[in-house]
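Some notes on the structure that comes next.
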Amino acid sequence: IALILVCWSVLSQAAQTDVEGRADKRRPIWIMGHMVNAIAQIDEFVNLGANSIETDVSFDDNANPEYTYHGVPCDCGRSCLKWENFNDFLKGLRSATTPGNAKYQAKLILVVFDLKTGSLYDNQANEAGKKLAKNLLKHYWNNGNNGGRAYIVLSIPDLNHYPLIKGFKDQLTHDGHPELMDKVGHDFSGNDAIGDVGNAYKKAGISGHVWQSDGITNCLLRGLDRVKQAIANRDSGNGFINKVYYWTVDKRATTRDALDAGVDGVMTNYPDVITDVLNESAYKNKFRVASYEDNPWETFKK
């Protein structure tokens with residue numbers, strides 16, 4: 001009887017925890033570690049509180065993804081020159097996001113690839129998408145066999161490079177893994193007019209899985225006007241945006257302003273600063289750090 005009571009108690013607590021988790025009405029927040037371009041930085045940023053990272057991807061003249069590299073200039077207070085070969089970084093990232101791996105970081109649930117397509121001609125965008133997909137499929141998703149589990153956002157700086165999205169999707173389909181597009185989202189990062197961004201997605205045939213970024217280097221100031229426009233689109237009921245993130249946010253006051261505006265993600269050089277603000281009395285009952293169970297393509301409903 002005692003054993004039965006103990007089992008019942010454990011089951012009751014588990015059920016209560018599950019109900020409480022589903023009943024949590026706080027907005028999930030993605031704390032996005034900025035400019036994570038060396039494998040060693042993955043652990044560094046996650047250990048500081050990031051549940052997602054942003055990684056720069058440079059391309060060679062033939063539209064092959066080549067390095068995880070930003071270069072000069074970059075954010076104030078950061079080294080701009082850390083890098084890896086792209087495929088080596090993907091392997092390190094796979095280790096960090098594959099359950100059971102010795103390097104596994106359970107908190108790391110989303111990766112934004114900041115695609116530096118400015119070096120490419122417009123007519124290379126589709127090919128860049130195909131080559132990016134082939135590399136991710138082999139080195140990150142392990143050809144669909146127990147690869148990394150993180151969600152991926154393809155962030156494109158130029159609206160004219162929307163064919164990259166189709167190239168990426170077509171390549172995964174060609175290689176027999178169209179289901180992996182369930183793990184892929186999209187972002188145009190050039191701070192273009194929201195309407196123009198929407199038109200680019202129409203041309204690309206994309207509806208859903210849309211993150212909208214807004215921001216500027218931490219060396220400069222930028223207001224929240226466009227962030228609020230993106231949030232209005234997200235919350236309109238008929239907009240194309242699912243999530244909004246703001247970059248680069250390093251100060252507590254800026255973090256509070258972004259949270260007050262209603263963002264879903266904050267990209268930062270200092271994840272611990274964002275974590276501290278989320279734990280403040282004014283925010284801890286409204287926001288929480290997103291977990292893997294939070295769908296990054298789902299528009300949060302209050």
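Each residue, glycine too, has its Cβ placed from N, Cα and C.
Small disclaimer: the values here were computed from a predicted structure and weren't measured.
Swiss-Prot lists E54, D56 as Mg(2+)-binding residues, and of the candidates D24, D88, D114 the one it assigns to that same site is D114.
When you check Swiss-Prot, the disulphide partner of C76 from the set C7, C219 turns out to be C219. Within its own chain, D114 (Mg(2+) binding site) has E54, T55, D56, V57, S155, P157, S189 as residues 6 or more apart in sequence whose C-beta sits under 8 angstroms from its own. Cβ neighbour count within 10 Å across all protein chains ranks E54 highest among the binding-site residues E54, D56.
With the fewest other Cβ atoms inside 10 Å of its Cβ, the least crowded of the active-site residues H34, H70 in this structure is H70.
Listed in chain order, the residues near the Mg(2+) site other than E54, D56, D114 are H34, M35, V36, N37, T55, V57, H70, V112, F113, L115, S155, each with its Cβ within 8 Å of the site Cβ centroid.
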